Amino acid sequence: MAKTKTAFFCQNCGTQFPKWIGQCSSCKEWNTIVEEVVQKEDKKSWKTDKVAKQANKPLRVSEITQEKELRLDTIDQEFNRVLGGGLVPGSLTLLGGEPGIGKSTLLLQIALKLPYKILYVSGEESQRQIKMRADRIQPNSENCYILTETKTQNIFQQVSTIEPDLVVIDSIQTLHTDYIESAAGSISQIRECAAELIKFAKESHTPVILVGHITKDGTIAGPKILEHMVDTVLQFEGDRNYVYRILRSLKNRFGSTAELGIYEMQGSGLREVNNPSEVLISKNDEDLSGTAIAATVEGMRPLLIEIQALVSTAVYGTPQRSATGFNAKRLNMLLAVLEKRAGFKLGAKDVFLNITGGISVDDPAIDLAVMAAILSSNSDIAIEKGICFAAEVGLAGEIRPVQRVDQRILEAEKLGFSKIFVSKNNKIGLKQSGIQIQKVSKIEDVVALLFG
Ligand code: TYD
Ligand code: MG
């Protein structure tokens, strides 16, 4: 063995220092520098003896043979969509998300459905615990092997006997390798284990999915370099108190990052939600004031969501404004526009805004629906059934065009809406549509049309 070398690493950003200092000079965090043992020499690959060392030669682009890109179908339509059509052989995918959001459930569920041989490595739960979870999820495949192990060398040993078509590691923070002596979850362990797994994936053409913990500010725990090392970074998010979960891709070397998958957490695992608009809009036959439907686009998918507002007389001096799933600053801005342009005295009113389903939206195209919901609650007049909105509102009260309006209109039409409010300046590519397109240019026009 080579002699032991140590170095100091910032646990927040991964910067290396020759000696201990109180504040990281890179990310400015205090008390994050920790000494770690690094032994760079004597390191073996996951199976150095078998793979001959070959140096790559440069090739002209025209000389590179392109085999048809094979992708491993994960059966889960939402997961496939986010990946850009399935798992690419030899790729590393990192799935991050808050504790308890359903990362393990999602991956186990995929592992249990697939007809391929899968090795599910868990460093967090015992085989029994995983069995209990598997029993809830049901479709039990004969090809899914569960291994509870945290040492990479032992994992690779099992991999060479089982020869799986897919390896799932839950989670990268629990792994440790023999070649580094610091504790599991530390920056250098994570980096080293990830490097070993990447080598394994690339050399054996086996896709690997890693689960990553996230820190309290929502980034994946460990070095930022982890995100650079892997091919795809997915994020599983949602409000734990609600049933809907959103799977986003933050980075994807093999596809678009604009795609998004939606799941519903049920007693028997996660259900793919193929038609999200239908579940996000409540099926209420009564006319209720204070609700409006917005046609938004999340990623590449058009989505119809329900916005609820409650306007009531303020009890205390300063009126309360609170928004769930919508930017509070933007709400204040829209209220100021209403006050100035539409003559509503909202200054003495409490305004509460809620986007149903626990999802949060930052698409400006829901502005008009937010305003309509507020106006409807304020006047206690329900907005007619079958109306939806897709427009941004500017500071002058002007109704502004939004992106991908055609997609929004088509989605609204598909869901049986009869009228959609859009900006007069929005270019609409659709030749004909079965839905009435109401073009408006000012917020005053909308008020007149909706509430007479
Ligand atoms: P889990 O996959 O353990 O989360 P993570 O790995 O991201 O920490 O998810 C656990 C939560 O999901 C837990 O609160 C219970 C819930 N759950 C269900 O509602 N239904 C199910 O079928 C399963 C397996 C879990
Ligand atoms: Mg888990």
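All positions are counted from 1 along the displayed chain.
Yeah, the Cβs are placed from backbone N, Cα and C, and that goes for glycine too.
Sequence annotations record features per position, and here TrEMBL assigns domain 'RecA family profile 1' to 68-214.
Feature annotation from TrEMBL assigns ATP binding site to G97, E98, P99, G100, I101, G102, K103, S104. Sequence-distant contacts (6 or more apart, same chain, Cβ under 8 Å) of K103 (ATP binding site) comprise L95, G96, G97, D170, S171, V211, F236. Reduced to three states, the DSSP call for K103 (ATP binding site) is helix.
On the 0 to 100 pLDDT scale, the motif 'RadA KNRFG motif' (251-255) averages 89 in the predicted structure. Annotation comment: TrEMBL describes 251-255 as motif 'RadA KNRFG motif'.
Under the heading region 'Lon-protease-like', TrEMBL lists 350-452.
The secondary structure of E98 (ATP binding site), as reduced to three states from DSSP, is coil rather than helix or strand. Ligand 2 lies under 6 Å from the Cβ of the following binding-site residues, listed in sequence order from G97, P99, I101, G102, K103, S104: K103, S104. Other C-beta atoms found within 10 angstroms of the C-beta of G102 (ATP binding site) number 20, with every protein chain shown included. With a cut-off of 6 Å between Cβ and the nearest atom of ligand 1, the binding-site residues E98, I101, G102, K103, S104 reduce to I101, G102, K103, S104. The candidate set comprises the binding-site residues G97, P99, G100. Of these, G97 has the most other Cβ atoms within 10 Å.
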